[in-house]
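Visitor: Provided herewith is a single structure, encoded as structure tokens, for subsequent inquiry.
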Amino acid sequence: MDTDILRMQDKEVFEAIAGETLRQTETLELIASENFTSRAVMQACGSLMTNKYAEGYPGKRYYGGCEFVDIAENLARDRAKKLFGCQYVNVQPHSGSSANMAVLFSVLKPGDRIMGLDLSHGGHLTHGSPVNFSGQLFDAHSYGVDRETGCIDMNRVEELALEVRPKLIICGASAYSQGFDFKAFREIADKVGALLMADIAHPAGLIAAGLLSDPMPHCHFVTTTTHKTLRGPRGGMIMMGSDFENPLGITIKTKTGSRVKMMSEVMDAEVMPGIQGGPLMHIIAGKAVAFGEALQPAFREYAVQVRKNAAAMAESFAGLGYNIVSGGTKNHLMLLDLRNKEVNGKVAENLLHEAGITVNKNMVPFDDKSPFVTSGIRIGTAAMTTRGMTENDSRTVAGLIDQVISSANSAGVEEICRTVRHDIRELCLAYPLEGYGVNP
């Protein structure tokens, strides 16, 4: 990657980027929410489209000179529709949280009841956490996983829905290794007159590849990030399988009177000007490139390998005596409960960092430790698969992680971390990230 101008103009920023480049290329990225974009995506994101203001939507902008950014946004929208089989898409949200906020604000009033997966059971901040807008502006109620199986108890979901009668049910997670039964969630939502939103930020790439159940036929709204398993730039997106009249009865004047606005109209207005102003057109261009890549046959091969790698790694961990929440994985991630290993998530994360392996500490269901300590770690295979690693490498990595965690309380842990770091560097150099270097 050409960074000569940056190196000459701003050495401090250049050195920060150079250090991050070295970290990404020579250490192993296993954070489940991270991935590596293609050079084409990075070129689009680094293009001069970053200079253009484009408030509004293609063909209806508040600024002139938008003919070319209109092309980029229309490409992103059309490709996303084809990729996910949806009728409506908005590619302007800056993040997954922004996308979720737009949906909630478009169909709810402050104080309305919502239901989502408990954050400590694998949910997300925007699904009703009390420290987030979703839990502060709305009356949030959480469902969780079964203590024995680690899987979502749909009977309990139904019981809670019948009890609290939410206006919106959210199905989605940030640390749940099983799939979601969107059909069952829709049946529950219909029983209580609730709308249903699927947050597929984590498994979006696997869903696009047809490897996990499709939320479009069952959910009123589907939100996602565009990075993670989609391998695009950091951003968000809102989709609907089909359009419908908005449930709040918001109307618009017509030549002959008025009509009820379609949900797509309400949603577009909620994104802009509701919660955002100008879209990030360079990022939207990057989204278009990423969606184009995801439409190619090679992307499905990638997604298949992501699942194979996760399954192989989970099987290896189970064989080494680790407790995997929910008993295994059907997607790209797994959550390890380390309580039987006598080490907490914070210690494990720090030691693995010293060993050249990046994971994140994570609460496990019914955790008795704080979110800053936790009893578990979350591991994902999306990024390592982008490098070209396969099942054997996944098993090797599980063994190296075990070496570090098993020695956490021993006097020789520092030496083991140094040895593992060397092995990890050799593994990463065997699967280089093409085009990610910086000019010295």
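Glycine is treated like the rest: Cβ placed from N, Cα and C.
These numbers come from a predicted model, not from an experiment.
Annotations for this protein, taken from Swiss-Prot, read as follows:
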- L119, G123, H124, L125, S370, P371, F372: (6S)-5,6,7,8-tetrahydrofolate binding site (BINDING)
- K228: N6-(pyridoxal phosphate)lysine (MOD_RES)
- H227: site 'Plays an important role in substrate specificity' (SITE)
Visitor: Please compare the binding-site residues L119, L125 by how many other CB atoms fall within 10 Å of each one's CB, and tell me which has the fewest.
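Guide: Looking at the binding-site residues L119, L125, the Cβ with the fewest others within 10 Å is that of L125.
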Visitor: Taking the Cβ of G123 ((6S)-5,6,7,8-tetrahydrofolate binding site) as the centre, how many other Cβ atoms fall within a 10 Å radius?
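Guide: Result for G123 ((6S)-5,6,7,8-tetrahydrofolate binding site): 25 other Cβ atoms within 10 Å.
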Visitor: Give me the long-range Cβ neighbours of H227 (site 'Plays an important role in substrate specificity'): same chain, 6+ apart, Cβ under 8 Å, in sequence order.
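Guide: Non-local contacts for H227 (site 'Plays an important role in substrate specificity'): S33, E34, N35, T37, P233, R234, G235.
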Visitor: Could you measure between S370 ((6S)-5,6,7,8-tetrahydrofolate binding site) and the residue listed as 'N6-(pyridoxal phosphate)lysine' for me? Cα positions, answer in whole angstrom.
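Guide: Cα of S370 ((6S)-5,6,7,8-tetrahydrofolate binding site) to Cα of the residue listed as 'N6-(pyridoxal phosphate)lysine' measures 26 Å after rounding.
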Visitor: Counting other CB atoms within 10 A of each CB, which of the recorded positions H124, K228 comes out lowest?
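Guide: Counting other Cβ atoms within 10 Å of each of the recorded positions H124, K228, the minimum falls on H124.
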Visitor: Return the count of C-beta atoms lying within 10 angstroms of the C-beta of F372 ((6S)-5,6,7,8-tetrahydrofolate binding site), excluding that atom itself.
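Guide: By my count, 9.
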Visitor: Over all pairs within L119, G123, H124, L125, S370, P371, F372, the annotated (6S)-5,6,7,8-tetrahydrofolate binders, what is the largest Cα to Cα distance, rounded to whole Å?
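Guide: Largest Cα to Cα distance for the (6S)-5,6,7,8-tetrahydrofolate-binding set is 17 Å.
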Visitor: For P371 ((6S)-5,6,7,8-tetrahydrofolate binding site), what is the tally of other C-beta atoms lying within 10 angstroms of its C-beta?
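Guide: Counting Cβ neighbours of P371 ((6S)-5,6,7,8-tetrahydrofolate binding site) within 10 Å gives 14.
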Visitor: Return only the integer: C-alpha distance in Å from L125 ((6S)-5,6,7,8-tetrahydrofolate binding site) to the residue listed as 'N6-(pyridoxal phosphate)lysine'.
Guide: 17
Visitor: Any idea what the Cα distance is from G123 ((6S)-5,6,7,8-tetrahydrofolate binding site) over to K228 (N6-(pyridoxal phosphate)lysine), rounded to a whole Å?
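Guide: Just about 16 Å between their Cα atoms.
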